[in-house]
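Enquirer: According to TrEMBL, the protein has these features:
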| type | residues | note |
| --- | --- | --- |
| BINDING | Ser17, Thr18, Ser19 | FMN binding site |
| DOMAIN | 3-210 | domain 'Flavodoxin-like fold' |
Amino acid sequence: MATLLYITVNSKPEDLSTSKTVGRIFINKYKELYPNDTIEELDLYEANIPRLNYKLFTSRATLASGEDYDKLSDEEKQQVEQIRGLCDQFLRADKYVITAPMWSIFFPSMLKQYLDCIIQDKKLINIDTVNNKVSGLLGDKKRKMVYIQSSGAKIPFLISPFMNKGVNYLHDIFKFLGLKKFDKILVDGVDDSSVGRDMAIQNATEEIDDMIEFF
């Protein structure tokens, strides 16, 4: 049995969010295929993701421990423990589905804040201070990710790689971290009169049907 971590990045309720709507379609179809797998859900707008502060660290991407931890306030200790918990939750999973809208050709800042929390030494990365080298730790098992992005605009295929900065960033950072398989579902044209929300969701559903069996 596998564990799937479903991460949503939109403050809207599911019925008003195209990315969440498509994400739920993916999750429901996944449950039908893999009923014994565990699914954990993380809504970044409800999770109170900590805002990183230098006091929480002893050095670069290294959470406070020992005497440094003891000096922290109760609130700061709670933030450190929450970050550790987020790291461990991510590491437990075998598969990841992230849904977000395109904002300013990127994704909402809450996702970047979350990534900054979980990319920590001895968790998702290893920092070799002797050789000044950083390496990813997600290659310890076969991990897969699907990123579902909604966009109001209909983005032409030829310029898609230049416009989808958020997709490119996630692909590159998780490749560096050791993730072996990264797929994307682009729910484009939600607000375009030639496509519209219903057709964009239908097109995305067809993509899900093509990939879900192999996820």
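Using the three backbone atoms N, Cα and C, a Cβ is placed for every residue, glycine included.
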Enquirer: 10 Å Cβ neighbour count around Thr18 (FMN binding site)?
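Expert: Neighbour count, Cβ to Cβ under the 10 Å cut-off: 24.
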Enquirer: What are the other residues, in sequence order, whose C-beta lies within 8 angstroms of the center of the C-beta atoms of Ser17, Thr18, Ser19 at the FMN site?
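Expert: Those within range, site residues removed, are Asn10, Lys12, Leu16, Lys20, Thr21, Val22, Gly23, Thr99, Pro101, Ser150, Val187, Val190.
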Enquirer: Secondary structure at Ser19 (FMN binding site) (DSSP, helix/strand/coil)?
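Expert: Once the DSSP labels are grouped into three classes, Ser19 (FMN binding site) ends up as helix.
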Enquirer: Give the residue from the binding-site residues Ser17, Ser19 that has the most other Cβ atoms within 10 Å of its Cβ, counting over every protein chain displayed.
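Expert: Of the binding-site residues Ser17, Ser19, the highest Cβ count within 10 Å belongs to Ser19.
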Enquirer: What mean pLDDT score does the domain 'Flavodoxin-like fold' (3-210) have in the model?
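Expert: A mean pLDDT of 95 is what the predicted model shows over the domain 'Flavodoxin-like fold' (3-210).
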